[in-house]
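Here the structure comes first, spelled out in structure tokens, and everything after it is commentary.
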Amino acid sequence: MSQNDLKIDVKALGKVAVLMGGTSAEREVSLMSGGGVLQALRSRGVDAHAFDPAHSDLSELKAHGYSRCFIALHGRHGEDGTVQGALELLGIPYTGPGVMASSIAMDKIMTKRIWRADGLPTPDWRLVSSSAETAQAFQELGAPMIVKPSREGSTIGLTKVTSLGQCEQAYRLAAQHDPEVLCEQFIDGDETTCPILGQGTEARALPVIRIEAPQGNYDYQNKYFTDVTQYHCPSGLPEAEEREIQRIVVQAYRTLGCRGWARADIMIRASDRKPFLLEINTSPGMTGHSLVPMSANASGISYPDLCLRILASASLDALQGRAGAAGGRESV
């Protein structure tokens, strides 16, 4: 897909701020994502500039004449609705979901509650506030069990617990990052991820990526800084399975009221091939190791054109009227 095929008037995009860095635990990855996006947009003739909220107040965006923002921030104070809320007040359109959808998606427990209420499959879970409650959750959910902060990304603070004796340490690690700790039933099977682009009934899933990590250890280091993890796109899954994953992620995206773009993580249980939603990322990575560019490329969208397409979708909640927030079940 070329820039001409996208039919985007680059000049009409105006002066663009690529928000990167920030103050979250994912700052380093955000700087890599933002650097890639910045270079890509400039290669397409966009008047794009780096902007780090850790060093500059967001109010400066208005003062310096920025007309829209590409959010390449990850984690807290980046994809949790706070920056989105500030940009709403400034009246500067931004990429990705709005305030409410961003804040909900950042909270894994709230996300799972909403998905479960809409009939979407997600692993059983417990919200815990102590190591004793973590041990109780382990007895109820069984082994293995995943323990992780409710509001962090990139597997930060995550532990795969295989014995009762690991519960205390796993809880302490997760609680360092968030007082709300999620214990989740582990799904043994294929790990996959699937990006979504668009809004409402126009939202569409890109090709599914199947992930093979060493000993199933798809952690922060393996995600961004090594080449030991293998990514399969095409996924190699049966066509019916891939289409079902795409259908589920689009429904999950729409149920939360997302717009612009996101990426959902899904496990396929080996015993019966049933897919389970784990979480949705509303400001996915755009590094050299990132998965949205890989999937987009498989569907014929280059990295620069992907960045341009996402930027062109920048909007404000005030312009949406909550359009596309209803769940609904859409085919892909």
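Every residue, even glycine, has its Cβ placed from backbone N, Cα and C.
Fair warning: this is a prediction, and the values are worked out from it, not measured in the lab.
Here Swiss-Prot flags 112-312 as domain 'ATP-grasp', drawing on sequence analysis.
Feature annotation from Swiss-Prot assigns ATP binding site to 138-193. When Cβ atoms from all protein chains are considered, those within 10 Å of Gln166 (ATP binding site) total 19, not counting its own.
Annotation note: Glu279 (Mg(2+) 1 binding site) sits in a strand segment as assigned by DSSP. For Asp265, Glu279, the entry in Swiss-Prot reads Mg(2+) 1 binding site, with the evidence type sequence analysis.
Counting every protein chain shown, the Cβ of Glu279 (Mg(2+) 1 binding site) has 21 other Cβ atoms within 10 Å. The feature Mg(2+) 2 binding site is assigned by Swiss-Prot to Glu279, Asn281.
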Output, ordered by sequence, the same-chain residues six or more apart from Asp265 (Mg(2+) 1 binding site) with a CB under 8 Å from its CB, or 'none'. Glu191, Thr192, Thr193, Leu277, Leu278, Glu279, Ile280, Asn281
Could you tell me which of these binding-site residues, Glu152, Glu180, has the fewest other Cβ atoms within 10 Å of its Cβ? Glu180
Other Cβ atoms within 10 Å is the metric here; tell me which of the binding-site residues Met145, Leu173, Ile187 scores highest. Met145
When DSSP is mapped onto helix/strand/coil, what comes out for Ile187 (ATP binding site)? coil
Those residues of the chain, 6+ apart, with a Cβ under 8 Å from that of Thr159 (ATP binding site): Ile146, Val147, Lys148, Gln166, Gln169, Ala170, Leu173, Ala174
